Amino acid sequence: MSCCNQTKITEFLLLGFSGSYTHKLLLFFLCIMIYIMSLTVNSMIIGLCIGCQNLRSPMYFFLCHLIVNDIMLSTSVGPNLLSTLLKAGKTMSVSACVTQFFASGFFTGVECFLLTVMAYDRYLAICNPLHYISIMTSKYSLNLVMGSWIQMFLIVAVIITLTCSAGFCGNNTLDYIYCDYAPLLKLSCADVFIADLVRTILNIPGVILPLVIIITSYISIIISILRISTSTGRQKAFSTCSSHITVVCTYYGILIVKYSFPSKIESSVMNKTLSLLYTMVTPLLNPIIYSVRNKEIQKAFNKWFSARM
């Protein structure tokens with residue numbers, strides 16, 4: 001048990017990024033620009049998918065849910081981070097901090113599940129095209145998405161309960177950019193060993209298994225593409241999944257590097273920067289990557305733009 005005999009914490013002081021006020025102000029304007037652009041671009045893609053008949057396939061249905069999740073992920077961190085940058089830290093109640101911890105963890109995990117669902121969708125489309133329509137029905141697509149949201153909700157709820165239910169004690173300073181698992185666990189009055197063990201176990205279905213499914217799916221996809229006789233056919237097949245591969249590599253790459261750091265440097269500038277990248281920057285990059293590489297989205301945007309000229 002950690003710090004059980006110490007004074008219970010009623011509020012946290014979130015430090016955010018260190019540095020001079022000028023540097024924080026520059027970072028503030030950079031973050032607010034990224035956040036506004038992310039909301040704008042993501043909302044535009046959702047509008048195109050809803051309004052265009054050509055973007056009603058399961059792939060775009062999954063993309064819409066990924067974009068909604070990206071908006072929620074950046075919103076769970078962005079506004080609070082912006083407030084922290086304008087001040088010498090930000091005071092947060094325990095309930096507000098735990099809520100942010102739940103939201104950021106939940107949407108981070110859902111992103112992994114949705115990327116897995118999209119990889120499975122591309123696997124069926126390329127490796128089993130004759131049965132794709134009969135398998136990937138609207139009902140099945142909805143079940144995959146709802147299963148992603150519900151399963152991650154349960155996983156994060158267990159982690160939150162074990163980490164936060166006993167309260168917090170000790171030093172109330174969090175040298176981080178948002179309320180995350182590692183900084184909060186250090187101050188938790190719960191059994192740290194049990195909480196960390198359960199989280200490690202839950203990471204198997206929550207993070208590791210989705211990554212294994214994605215890798216397995218793309219190995220099968222690459223083998224199927226290489227069997228296509230014509231170069232045009234291979235190029236067309238690869239173009240349908242190249243955007244998703246880029247997004248997966250970017251998102252999982254940042255997460256792997258972030259959580260590979262030793263616990264002693266959790267509050268380092270590098271760790272904070274990596275957290276900023278996957279919570280604020282990747283939600284902006286994802287729709288851009290899909291838009292640049294996807295001809296259907298480009299056609300829908302050109303049609304929408306031409307109608308308003």
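A Cβ is built for glycine as well, from the same backbone N, Cα and C atoms used for every other residue.
Features of the protein shown, as given by TrEMBL:
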type	residues	note
DOMAIN	41-290	domain 'G-protein coupled receptors family 1 profile'
TRANSMEM	25-48	transmembrane segment
TRANSMEM	60-81	transmembrane segment
TRANSMEM	101-120	transmembrane segment
TRANSMEM	141-168	transmembrane segment
TRANSMEM	207-226	transmembrane segment
TRANSMEM	238-261	transmembrane segment
TRANSMEM	273-292	transmembrane segment
Does the transmembrane segment (25-48) make contact with the transmembrane segment (101-120) through 3 or more Cβ pairs under 8 Å, each pair 6 or more apart in sequence? no
Between the transmembrane segment (238-261) and the stretches 60-81, 101-120, 141-168, 207-226, 273-292, work out which stretch tops the count of Cβ pairs under 8 Å. 273-292
Paired segments the transmembrane segment (273-292) and the transmembrane segment (141-168) in contact, 3+ CB pairs under 8 A: no
Mind checking which residues reach the transmembrane segment (207-226)? Cβ under 8 Å, same chain, six or more beyond either end. 109, 112-113, 115-116, 119-120, 122-123, 126-127, 234, 237-238, 241, 245, 248, 252, 255
